[in-house]
Amino acid sequence: MRALHVLKDTFFGLDPVQKQLLIGSAVAAGGILAYLVHKGRQIKTVPLGEGWWGAGEKPQLEDDKIYPFQVQTTDEEIRDLYERIDKTRYTDPLEDSGFQYGFNSTYLKTVVSYWRHKFDWKKQVALLNKYPHFKTKIEGLDVHFIHVRPPHRENQKVLPLMLVHGWPGSFFEFYKILPLLTQNQEGVAFEVICPSIPGYGFSEAPHKQGFDSLAAARIFLTLMERLGFSQFYLQGGDWGSLVTTNMAQMKPQNVKGLHLNMCMSTRGFKVLLSLIIGPYLPFLVGLSREDVRRMFPYMEKNVWNILKESGYMHIQATKPDTAGCGLNSSPVGLAAYLLEKFSTWTDMNNRDLEDGGLERKFSLDDLLTNVMIYWTTGSIVSSMRFYKENFKSNPDNRVDGKTPIYVPTGLAAFPAELLHCPKSWAQIRYRNICSYTFMPRGGHFAAFEEPQLVASDIAQFVRKVEKL
């Protein structure tokens, strides 16, 4: 009280000019403080930017119509494939090497024999055309997507959902999950859009340098706007997780929820502390027993395993055109390069098996259909360039690497994913995690491997967000 009296006497002892200066300073200070508080509460976003990836100069007007598209093939295309397969030269594998040196050539001959004599590409083309395909021109590129609406039912809430694939996958990864998502689940069904990332499959490849995940995100936001969706859900794994995250960072007001089956957050003191204390006192650093089981010993399960499995990434992030030249000319080389990932990334223990465990989770028809999407479109090189564009600089220093994600987020942590990200780590970037599920089985290609598990987790996440 005495201090207040002193301040009061001091204030009234000032002359009028001094009083005005003091009051003005106080008001200014209050205004600055209010602005800083307001700014701190604002959701930070990633700038949309702009781009043009077509060949040549950008025209004044761009056709924004959406056109139906069908996958097609010809006898000549199939004949050329067979001729190239028949001319393949094989190298004998080392004894008892399994998949430790890459795709085992003994089993590769089995796969190629099936491809050459039993696989029916025309039948698979008909399967691909089971769902409606479309193309539309965005930023100079023909962007391919499938658009699947649920059957009409009474008292059903239909929510738009975009699914985004990664490498070495394609939109075909989602074919088994589509009927699960479009069916009524406790009054909710999804209207699903599955685009092909430009440079993958039937989406046109960029003609200019610099096409990264931010550019893909912007294009897909334009696609959703063009389809008439002002609010929607997103789901992704691999590159799809980064692209959909970028979409949520750019236009959080349009993204009702973000569901991921892969996320990474490995920076900061919190992560370092978890690595030191986590194996002994996990509860002190926000880790569960399941986190500990999946993560430790850390050097073995994370550092060494990733070093063993990331050689492809270093090649594709530096000289994709060199490696891609051979893959684009040899269908068998392409199959070995792609299918090796469907072996190891599904379960690291598959490296010890001569057949790579490939047919434990996938049929050869499904695997070869994905390979044929790359082969017939000649898109392996452009798909590999996506690594080069995204790793031209340190991803952590990009604007999206420094911008938190505030939209409602659901994470599905599969036990055989390449890297495990605990919820406490994910919260460093994803600030509004509504759902975090330890999945009982499955690896990197979640929707392809375990469509029912993924569909159920998406549905429960969306019900939480919608408060149903």
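Note: Cβ is positioned from N, Cα and C throughout, glycine not excepted.
According to TrEMBL, the active site, nucleophile annotation covers Asp238. Counting only residues at least six positions away in the same chain, the Cβ atoms of His165, Gly166, Trp167, Gly169, Met262, His444 sit under 8 Å from the Cβ of Asp238 (active site, nucleophile).
Feature annotation from TrEMBL assigns active site, proton donor to Tyr387. The Cβ neighbour count for Tyr387 (active site, proton donor), using a 10 Å radius and every protein chain shown, is 20.
The active site, proton acceptor annotation in TrEMBL covers His444.
Model confidence over the domain 'Epoxide hydrolase N-terminal' (67-174) stands at 97, taken as the mean pLDDT rounded to a whole number. The domain 'Epoxide hydrolase N-terminal' annotation in TrEMBL covers 67-174.
The transmembrane segment annotation in TrEMBL covers 20-37 (among others).
Feature annotation from TrEMBL assigns transmembrane segment to 271-289 (among others).
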Three-state composition of the domain 'Epoxide hydrolase N-terminal' (67-174), taking helix and strand from DSSP: 37 helix, 25 strand, 46 coil
Neighbour count (Cβ, 10 Å) for His444 (active site, proton acceptor): 23
